[in-house]
Ligand code: CP
């Protein structure tokens, strides 16, 4: 039963519940018009304490396409947070007005905290470098549409694996399926957190290797998940400048890849994927963008109990 539940990280959903959401998203993709009106009378709040293009607008588009309405903010400087109001009190307030809340916050754990005070479902739209579970729904929809399922893949995560919340969420989600292998490609300074290694890979006996060079391993991959080096997570600009161009995927590197490898990226990209790749049939990052809205339509419909 998904009605009334929070979604803070991928492990909050059983595999059956995840399948329920993805199957509904598949049906919405086939005929989105037929779902118009299922959330009539319901209200979504989008509380974005951090910038966003895709996540906020796709949540809003999703609710509007379901026939519901949306309120919220994309700039916390225009809210009573600036007067010192706590997140708990903000959530108590907004959840008194609305039926479901999607929140992005730069602090790890903020979504979990919000869920303790909310009268309605909280959807984590990204909490610092921790998790981004609705990006994972998007990623899983895209993987299944192109690869047919979630088992038996070699997945390469490349770039900022330290702060990359989309990596943490997708790795956790894919680790629940059989016969997957992970290749973690990053400079040592941006390596995946130790808790991911111990709690996700080692605890579940999942094979993983660490490599600094994309060229060394790209030929082994079925799925390449590129990520941006995130300027906003660095305390020291010099470190960002030194690391920002660590990986640039271009046609030359792509020649080393399998013909059926898929390239995913949560976006935004800066220069880690050269635009010359965009027309390659393996480049699915704009397909991910499209699927993001359908995944969020399915999630909103389930958590509000509309379907
Ligand atoms: N993928 C993603 O979270 O994009 P935005 O930061 O634009 O929402």
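Quick reminder: no glycine exception, Cβ is built from N, Cα and C everywhere.
As annotated by TrEMBL, carbamoyl phosphate binding site applies to 54, 55, 104, 132, 135, 267, 268. Sequence-distant contacts of residue 55 (carbamoyl phosphate binding site), defined by Cβ-Cβ distance under 8 angstroms and a gap of at least six in the same chain, are 48, 102, 104, 125, 126, 132, 134, 135, 292. When secondary structure is read from DSSP and collapsed to three states, residue 55 (carbamoyl phosphate binding site) falls in the helix class.
Within 10 Å of the C-beta of residue 228 (L-aspartate binding site) we count 20 further C-beta atoms, all protein chains included. According to its DSSP assignment, residue 228 (L-aspartate binding site) is coil. Annotation source TrEMBL lists L-aspartate binding site at 83, 165, 228.
The domain 'Aspartate/ornithine carbamoyltransferase carbamoyl-P binding' annotation in TrEMBL covers 5-144.
Residues or ranges marked as domain 'Aspartate/ornithine carbamoyltransferase Asp/Orn-binding' in TrEMBL: 152-301.
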What subset of the binding-site residues 83, 165, 228 lies within 10 angstroms of residue 267 (carbamoyl phosphate binding site) at the C-alpha level?
228
Return the residue, from the listed binding-site residues 132, 135, 268, with the maximum count of other C-beta atoms within 10 angstroms of its C-beta.
132
Let me make sure I understand the structure: which of the binding-site residues listed (83, 104, 165) has the fewest other Cβ atoms within 10 A of its Cβ?
83
So what pLDDT does the domain 'Aspartate/ornithine carbamoyltransferase carbamoyl-P binding' (5-144) average out to?
97
Length of the line joining the Cα atoms of residue 54 (carbamoyl phosphate binding site) and residue 165 (L-aspartate binding site), in Å:
15
Counts by DSSP class (helix H/G/I, strand E/B, coil) across the domain 'Aspartate/ornithine carbamoyltransferase carbamoyl-P binding' (5-144):
73 helix, 24 strand, 43 coil
Can you name the binding-site residues among 83, 165, 228 whose CA is within 10 A of the CA of residue 268 (carbamoyl phosphate binding site)?
228
